[in-house]
Amino acid sequence: MQTTILDILEDLTASDEVRNNLDLNLFETGLLDSMATVQLLLELQSQCGIEVPVSEFDRSAWDTPNKIIKQVERLS
Amino acid sequence: MQNIIEQIDQVAKTYPDRICYDYLGSTHTYQELKTKSDALSNYLKQTLPKEGPVIVYGGQKFDVLVTFLAVVKAGHAYIPVDVNSSLDRLKVIAEIAKPAACLALETLPEIDLDLLVMEQAALKAQMNNTKAVADVSTYVSNQDIFYIIFTSGTTGQPKGVQISHDNLLSFITWMNQTFPKAFSQTSLSQAPYSFDLSVMDLYPTLVNGGKLAVLPKDVTANFKDLFSWLPQLKLNTWVSTPSFADICLINPDFNAQKLPDLNYFLFCGEELTHATAQKLKTRFPSAKIYNTYGPTEATVAVTQVEITQDILDAYPRLPIGICKDDAQIVLLDDDGKDVALGQTGEIVIVGGGVSKGYLNNPLKTRQTFLTYQGRPAYKTGDLGRFDAKGQLLYAGRKDFQIKLHGYRIELEDVDQCLSRVSFVNKAAAVPKYDQNHKVSQLIAYVKAENHHFTSNFQLTQAIKQELKAVMMPYMMPNRFVYVDELPLTPNGKVNRKLLLKEVNGDA
């Protein structure tokens, strides 16, 4: 699961930094924006089979690779 | 309507207590807009040099709107610069525009702009000087420049598009005729003021006494906030890029049951895809959805078409519509001659709405602005053709046109064909150049759909088989590169320039 998520993130951000530092803030660093977040959610849906309730999507709970992994584990 | 500013004043006289601006529940009336802009304009007249445009630096706030109106009431053009702009951009704009002043409604970055700067506290104090009365004689009117919007400038220097009062009046008049009921209620105001899409909601709403419901960037950036605010705005009319609608569509609650007052969708700024429009039509079956098209240089938009189910059924790629009455669209070939009916040519916009050119940049102005049969005209660099029904069809950018073995190929055409293949999710075609700067290969970058093939080779064969049915053989890509995601620009479009670099290096 973790590998899949990091693969998705690496593709979206075009940066391998997401693997090296799992506590990297993806929004503050400009690696993710709203459009990329939409892509992320669609990829998580198709590759990990999880539905993220977007109306509950609080950016601060999804802003590092570690937090995203935790969220996906919680939702799967 | 003779004068846009006087019309907004008139709304304030007729409906002083009506709300014009709703920033997440913090509201302001038309009376307040008038009183404050009158007061500030008085002060600006006393303190500013007589000539020169004025930079207004800030975000989507009521005080910024007040300042825009105060500037044009004082007889100057305003240049909106968004608070999220880079330091460099602000500097470059100040250098090009040689403005009379910079009015800063947010704290300016610590740089020496070498010009008169008025800070937020002083400006606010002047807005509250209720004794001041506006003087209609100095209002921007006729051919005076109303606003100057700087293009994003992907290469080199940004260009300041000068929009006159009459350019803007031409746009508003057309909007009023085409969408008579859309802007007297509540309109979404989402685009930053430095992007001319914002003009599509701002002025049509203000001259009609409607309400601007603001969705600032820090709300749209966080989906939880975005989706909790959206139903509270009670929107009637939606104005945005298709990309922003795509963001909202990931929420299943973005539909007519949850947003029952939303009756109009107006899109501009980038291509409205069939997929996005069809999704919206399904979610909002009785709402009217419009595709519009136009460059900043011709004042926001000049064509429109309602995307009905019939249009969706008839057009795999949506038309951009019919030109407004006081302008004309001609399609010219490389020699500047009109193309034959049904043929593709460069879209040239003639007449009402066409800017007089770029601020302090005669060279770039001469390259793209011209006179066509005695009227001002602008060469868009976009390609288009008219179909039998008179609908204008967008056919890609002129600068993404290549020649391969003598054949003229539109890269976006190739993308379109690729995207119709069942195994393709998203794709972009990129030319590979040889040492003589001629195209030697066409490479397709493809994000594939899930498939059962055991090798990329098999997948490529299957894609080519489907492609044969939809494209000319000379358009067939030579190589297929499979990627998990295509790189996007900040606007959400495929970043072809990045792919070009990957294929050809920096040369």
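Every residue gets a Cβ built from N, Cα and C, even glycine.
TrEMBL annotations: computationally assigned, not manually curated.
TrEMBL lists B:9-359 with the feature domain 'AMP-dependent synthetase/ligase'. The ATP binding site annotation in TrEMBL covers B:THR151, B:SER152, B:ASN291, B:THR292, B:TYR293, B:GLY294, B:PRO295, B:THR296, B:ASP382, B:TYR394, B:ALA395, B:GLY396, B:ARG397, B:LYS493. The D-alanine binding site annotation in TrEMBL covers B:ASP196, B:VAL300, B:LYS493. As annotated by TrEMBL, domain 'AMP-binding enzyme C-terminal' applies to B:414-493.
Projection of TrEMBL feature records onto the structure.
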residue: B:THR151; record: ATP binding site; DSSP class: coil
residue: B:ASP196; record: D-alanine binding site; DSSP class: coil
residue: B:ASN291; record: ATP binding site; DSSP class: strand
residue: B:VAL300; record: D-alanine binding site; DSSP class: coil
residue: B:ASP382; record: ATP binding site; DSSP class: strand
residue: B:ALA395; record: ATP binding site; DSSP class: strand
residue: B:LYS493; record: D-alanine binding site; DSSP class: coil
Residues that sit under 8 angstroms from B:ALA395 (ATP binding site) by C-beta distance, when 6+ apart in the chain: B:THR344, B:ASP382, B:LEU383, B:GLY384, B:ARG385, B:GLU410, B:GLU412, B:ASP413
Close in space, distant in sequence - B:TYR293 (ATP binding site), Cβ under 8 Å, 6 or more apart: B:CYS268, B:ALA301, B:VAL302, B:THR303, B:GLN304, B:ILE320, B:GLY321, B:LEU392, B:TYR394
Nonlocal residues around B:THR151 (ATP binding site), in sequence order (Cβ under 8 Å, 6 or more apart): B:PRO158, B:LYS159, B:VAL161, B:THR296
Spatial separation of B:ASN291 (ATP binding site) from B:VAL300 (D-alanine binding site) - C-alpha basis, Å: 13
Overall pLDDT of the domain 'AMP-binding enzyme C-terminal' (B:414-493), taken as the mean: 86
Inter-residue C-alpha distance, B:LYS493 (D-alanine binding site) and B:ARG397 (ATP binding site) (nearest angstrom): 13
Candidate binding-site residues B:ASN291, B:PRO295, B:ARG397, pick with smallest Cα gap to B:ASP196 (D-alanine binding site): B:PRO295
Spatial neighbours, same chain, of B:ARG397 (ATP binding site) - Cβ under 8 Å, 6+ residues apart: B:GLY381, B:ASP382, B:LEU383, B:GLU412
Among B:ASP196, B:ASP382, the most crowded of the binding-site residues [Cβ within 10 Å]: B:ASP196
Other C-beta atoms that fall within 10 angstroms of the C-beta of B:LYS493 (D-alanine binding site): 14
Distant-in-sequence Cβ neighbours of B:PRO295 (ATP binding site), under 8 Å, six or more positions away: B:ILE349, B:TYR378, B:THR380, B:ASP382
Residue among the binding-site residues B:ASN291, B:VAL300 whose Cβ has the most other Cβ atoms within 10 Å: B:VAL300
